[in-house]
Ligand SMILES: Nc1ncnc2c1ncn2[C@@H]1O[C@H](COP(=O)(O)OP(=O)(O)OP(=O)(O)O)[C@@H](O)[C@H]1O
Ligand SMILES: [Mg+2]
């Protein structure tokens, strides 16, 4: 039987769909007590990885375990792990309550549990409606309710915020955090860092099936140096003055500003004053996780800008 | 396992498919029953008035005592059980089609458990369909037949057993095919084509090649053999001494040309169901659910 640790361990996981390598030598672990974000752009291999973890897709090589066991050795999997997966099906003619009762029976929990999770996800009043008539967000809530039926120790959610309204997203955020705080394990995928930034403690960032970053979100934040963006009257004079003070990380931006790393805005302003340079604008750059995310993942299926015309834009930067 | 069986049972009762298919099944059985009685009546009238007395002579009974309804009933069962087979075929292919298979596999200890639970529930449904077929068929036949052409109590019991068995086996076969070819339209079209056209053509070819005994080992040949042989046995049990050529003709009429004994036929078809289910299981076991 499984060890009840709540640990998810993915080791050297690889999946090949014919010529397509969906996941390549992926490794990470997820510990209980925290929410872990699983991030990557479209086609990065998130869904494939989660499905391998849940025993739905057979890995080409490597292992994925929950509580120290592969999925099919969990015994009663519905009581150990609950999952929301994209493209998860419902029979359109079945009511939400009937849907939950089917799987409540399979997991072996009392029927009352069906109504309880319906209430939990805010679908209490739609319990007797046929799922075929549900909106995307309602289906997403029902999928979450299904995942919660067995009161599982581990939650695996693939883009659960898809289709949820702002109120639903806010609710999900607090729900997942309190779930993790009860000492349970939550793994949640998204292609938007911003979407989960306020929810997750740990992140696993993948791109093209490979791990790009794995660790606490805080560490990711710190990995990017803060920069001061300054628009001086004389760029060269200010750059020389800063260099004289030992500041080396100076960069000229395309818009004519200087980006200075490793200092705060006060120090830059003081240097400018000493050098007799006026400052027209100064700003401390916020840590932009999204930009960092882009750098890490450099989308494999990046599209082109809509205005790809032969002419250059008037007053452009080029 | 009990939990999974209950879950599978709930799956079938919470949508309308079971009665959506049961209605045409009942209508078909009833219609076939009514027609059986009328045709039998027509045949008996014809036989009694013409000079086919020789036939009645060596059958040892007068035409109005021939249990001709048995043949129509055997045919009716063969045709009607196509519906429970389709019902079974949708069990797994329907879940794959609607992607509910994901949650089914997420809540079962293993795929094998899920498939076995499904099979058990569909065996039950096969029996329910079989009883319904026999009930409506019986009503139809009784309405239009003279009592002389109807089987006795033991005959009814034997026919009911054959009908329920046949329906259960056909449902199991459908479940297996649905797992083997996880595509709703593909599965249903293939089954209908095979059972209504392909194998019948094959039977003609085999008969032409003078190897009709192979028919009894084919899927449709064996399942028809189950009901057909029961019908022929029942007919002969009240008909006295019958020459082998006539028996062959009677078997053909009952849809059991070239077939083995009824229980052998049942075992052969059970074998087919087992093969198909094993294949479907192998496919499902290794399948990536994406
Ligand atoms: N059944 C399949 N057959 C062939 N290729 C597949 C299959 N499933 C996934 N892939 C491929 O594997 C790669 C990873 O897909 P996956 O769905 O895991 O990405 P994802 O990170 O979940 O993307 P998204 O953010 O769009 O959901 C893609 O290139 C995809 O085309
Ligand atoms: Mg995905």
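Note that Cβ sites are derived from N, Cα and C of the backbone, with glycine treated the same way.
Among the residue ranges B:96-119, B:120-143, the one that TrEMBL annotates as transmembrane segment is B:120-143. Transmembrane segment is the annotation TrEMBL gives to one range among B:240-261, B:262-283, and that range is B:262-283. Here the transmembrane segment (B:120-143) lies next to the transmembrane segment (B:21-44) in space: the count of CB pairs under 8 Å, restricted to residues six or more apart, reaches at least 3.
For the transmembrane segment (B:188-209), same-chain residues at least 6 beyond its ends with a Cβ under 8 Å from one of its own Cβ atoms are 82, 85-86, 89-90, 174, 177, 181, 215, 218-221, 257-258. Long-range Cβ contacts of the transmembrane segment (B:262-283) within its own chain (Cβ-Cβ under 8 Å, at least 6 residues beyond either end) map to 92, 112, 115, 119, 162, 165-166, 169, 172-173, 175-180, 182, 216-217, 219, 222-227, 229-230, 233, 256. Packing against the transmembrane segment (B:155-181) from elsewhere in the chain are residues 67, 70, 73-74, 77-78, 81-82, 84-94, 115, 118-119, 122-123, 125-127, 129-131, 133-134, 137-138, 187, 190-191, 219, 223, 226-227, 230-231, 234, 262, 266, 269-270, 272-281, 283-284: each is 6 or more residues past its ends and has a CB under 8 Å from a CB in it.
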